[in-house]
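Database features, via TrEMBL:
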- 10-424: domain 'Enolpyruvate transferase' (DOMAIN)
- LYS25, SER26, ARG30, SER171, GLN173, ASP319, LYS346: 3-phosphoshikimate binding site (BINDING)
- LYS25, GLY98, ARG126, GLN173, ARG350, ARG392: phosphoenolpyruvate binding site (BINDING)
- ASP319: active site, proton acceptor (ACT_SITE)
Amino acid sequence: MTASSTWQARPGTPLRGTIRVPGDKSISHRAMMLGALADGVTRVSGFLEGEDTLATAAAFRAMGVRIEDDGPGRKIVHGAGIDGLRAPAAPIDCGNAGTGMRLLAGLLAGQRFDSTLTGDASLTRRPMRRVTEPLARMGARIETAEGGRPPLRIFGGQSLAGVDHDLPVASAQVKSALLLAGLYAQGETTVREPHPTRDYTERMLAALGWPIEFSPGFARLSGGHRLTATDIAVPSDFSSAAFFLVAASLVPGSDLTLEGVGMNPRRTGLLDALRLMGAWIEVRNAREEGGEPVADLRVTHAPLHGAIIPEALVPDMIDEFPVLFVAAAAVSGVTTVSGAAELRVKESDRIAVMANGLRAMGARIDETPDGAVIHGGATLGGASVDAHDDHRIAMSFVVAGQIASAPVTLRGCATVATSFPGFFGLANRAGMGLAVA
Ligand SMILES: O=C(O)C1=C[C@@H](OP(=O)(O)O)[C@@H](O)[C@H](O)C1
Ligand SMILES: C=C(OP(=O)(O)O)C(=O)O
């Protein structure tokens, strides 16, 4: 039973056995979007049935796309073709999903009809100028609320022109929004990034037959082509696996295997960071599935220590910092995180919220504008912590509870279902101590 949004985490048993976490959120959003724009029928397997990606599916249903549910994680998307979307009758609610809203902003900027994108309280606080400004340079017309925040009112019928964009921040969401607008633009759209980010949009466009050139930190395409439906197998989400990798590393006696985890190098920075801290994680049975690298990860308890996290790893582990903070607070030595100011504009200010919660448990952390210095080694005690309706914060404190000397009471856990439905049950089955408070 997970209906209550207040949870209590406390030490369970060592984490053991073999588990599989749900499908990748980033790939699921894109599979729905590109499947909807393709000619033909796209069968998606491993689709994340989380609130974020189901909101994206609902958006396309509202624009006339037929999407069949074909069992858990299986969707049959009857593509409407690149120009086949219909005006939605009401504003599109992206829920909690920054990815959904930003990618849709690019895609909808190129339609003939007007649309409005809204979201929940957390999404409504997040910055959207990072997409609306470069889209305006392509000729898009988008109105925002005060301070560049959602809702976004997108005026259709504009003629877009390809532009060469140099992104000021490394963001796969911004890159993807511009590439999706580029599908509808005259001429070439080029995106250059200050540091390479996840390339799922590029890979999937190529897989569906859209001519595109891309390499780490660079992507270029031109408008005027068509997408051809193809089946898409979504691997397990590395970001969901991350909570188990850290928990099993920290809890003595653990020996856990995570099956079929997506290993795109733009996602696995936490593996490098944990290894720098002394973790024992074995990559087994490395293979390719649906055009993505996939592997089974075996993690055993290890004596971790602090480390300086290289800034070059930041985009490759951007969503894993909350749980990395937990590892850093629990082990000996100092861990330094820098170059991660983006964490302040996620579902919550993840630097401040993690620092406050871990301090309440007895950790010593100095916040910096773009990271933190975490002095490990303190005994973590029980505390009452607010997850600020941020799924990654909630799951990170569940991990912290596994090594705390008294229970951690966590408010605001309902949003865990945005990225990891079934976390509560799977965490319990793997050995974590987690109950409804
Ligand atoms: O493109 C994506 O699917 C995502 C990109 C990242 O955001 P930014 O592009 O804002 O870094 C990440 O934090 C988010 O969870 C998913
Ligand atoms: C930042 C995240 O997602 P989004 O930006 O899509 O809300 C996340 O899942 O941690």
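Start at 1 and count along the chain as shown; that gives each residue its number.
Glycine is no exception: its Cβ is also placed from the backbone N, Cα and C atoms.
Highlighted here are the binding-site residues (ARG30, SER171, LYS346, ARG350) whose C-beta falls below 6 Å from ligand 2: LYS346, in sequence order. Around ASP319 (3-phosphoshikimate binding site), taking its Cβ as the centre, 23 other Cβ atoms fall within 10 Å, counting all chains. Sequence-distant neighbours of ARG30 (3-phosphoshikimate binding site) (same chain, 6+ residues apart, CB-CB distance under 8 A): LEU103, SER176, TYR200, THR201, MET204. DSSP gives GLN173 (3-phosphoshikimate binding site) a helix state. With the fewest other C-beta atoms within 10 Å around its C-beta, LYS346 stands out among the binding-site residues LYS25, LYS346, ARG392. Counting only residues at least six positions away in the same chain, the Cβ atoms of LEU123, ARG126, GLN173, LYS346, GLU347 sit under 8 Å from the Cβ of GLY98 (phosphoenolpyruvate binding site). For the binding-site residues ARG126, ARG350, the ranking by surrounding Cβ atoms (within 10 Å, all protein chains) places ARG350 first.
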